[in-house]
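K.L.:
For reference, the structure I am asking about is given below.
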């Protein structure tokens, strides 16, 4: 299907659905969900993986079997310094310069700290990382992150794990308009219609985890998300009709019989 893949950091990614691995009941279910989602990119927190020689490697083996690209993240970091250190550890452990940059500002909301995030992004870009920052839906911060060289911006639709969907569609549209890098909606997706809406707003991809891993049937939900992302992208490219206050008949009056 045209438009399914997209370019990220100079690499063609085979699907516009990015899948997180947190919250899965077990590795068997996670593997089934990854395959059902058709994703080409999965995120992994460094602290969830034993990457030392002789370590369990269960999650890494699973990712390798599925043939998808691994994107380490800096989950659990609250300062720029912590995030930079974790990014370096991930680069050494996984042999990748890619990092999903997370710098959390508050334990209750899990929303990003924009000041620390921008500081960490600038430092990591200067050190040769391909930086994909989890950010708020603030268009100005998104533009600043793009300006310092981030390969994409990843605004939250709503707080992580909340399932509230896209709380501020207008800001997501503004972000799409003010940056030239890919926009990946990250966090807050609850069901397939949320993912479709994100794509209809112009996002290049959607990243989600809890919506699949904590669903009653993770594999079925992964399948639903796959098609929702594809449908949303097609709808965005097709162009929706303008919203109108009054009705507009689809059938013309020409040829109507005189009764």
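Each residue, glycine too, has its Cβ placed from N, Cα and C.
Values in this document were obtained by computation on a predicted structure and should not be read as measured data.
For reference, Swiss-Prot lists these features for the protein:
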- 100: active site, schiff-base intermediate with DXP (ACT_SITE)
- 161, 187, 188, 209, 210: 1-deoxy-D-xylulose 5-phosphate binding site (BINDING)
K.L.:
Which value in Å gives the longest Cα to Cα span across the 1-deoxy-D-xylulose 5-phosphate site residues 161, 187, 188, 209, 210 as recorded?
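P.N.:
This binding site's residues have a maximal Cα-Cα distance of 9 Å.
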K.L.:
Determine which residues of the same chain, besides 161, 187, 188, 209, 210, have their CB within 8 A of the center of the CB atoms at the recorded 1-deoxy-D-xylulose 5-phosphate site, and list them by sequence.
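P.N.:
The answer, listed by sequence position, is 20, 159, 160, 162, 163, 189, 208, 211.
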K.L.:
Other than its own, how many Cβ atoms are within 10 Å of the Cβ belonging to residue 187 (1-deoxy-D-xylulose 5-phosphate binding site)?
P.N.:
27
K.L.:
For residue 209 (1-deoxy-D-xylulose 5-phosphate binding site) and residue 100 (active site, schiff-base intermediate with DXP), what Cα-Cα distance in Å is obtained after rounding to a whole number?
P.N.:
14
K.L.:
161, 188: which of these binding-site residues has the sparsest Cβ neighbourhood within 10 Å?
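P.N.:
Comparing Cβ neighbour counts within 10 Å for the binding-site residues 161, 188 gives 161.
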K.L.:
Take the C-alpha atoms of residue 100 (active site, schiff-base intermediate with DXP) and residue 187 (1-deoxy-D-xylulose 5-phosphate binding site) and report the distance between them in angstrom, rounded.
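P.N.:
The separation of the Cα atoms works out to 13 Å.
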K.L.:
Given a 10 Å Cβ-Cβ cut-off, pick out the one of the recorded positions 100, 209, 210 that has the most other Cβ atoms nearby.
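P.N.:
Buried the deepest by this measure is 100.
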K.L.:
When DSSP is mapped onto helix/strand/coil, what comes out for the residue listed as 'active site, schiff-base intermediate with DXP'?
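P.N.:
Its secondary structure by DSSP: strand.
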K.L.:
Check residue 188 (1-deoxy-D-xylulose 5-phosphate binding site) against DSSP and tell me helix, strand or coil, would you?
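P.N.:
Note: residue 188 (1-deoxy-D-xylulose 5-phosphate binding site) is coil by DSSP, not helix or strand.
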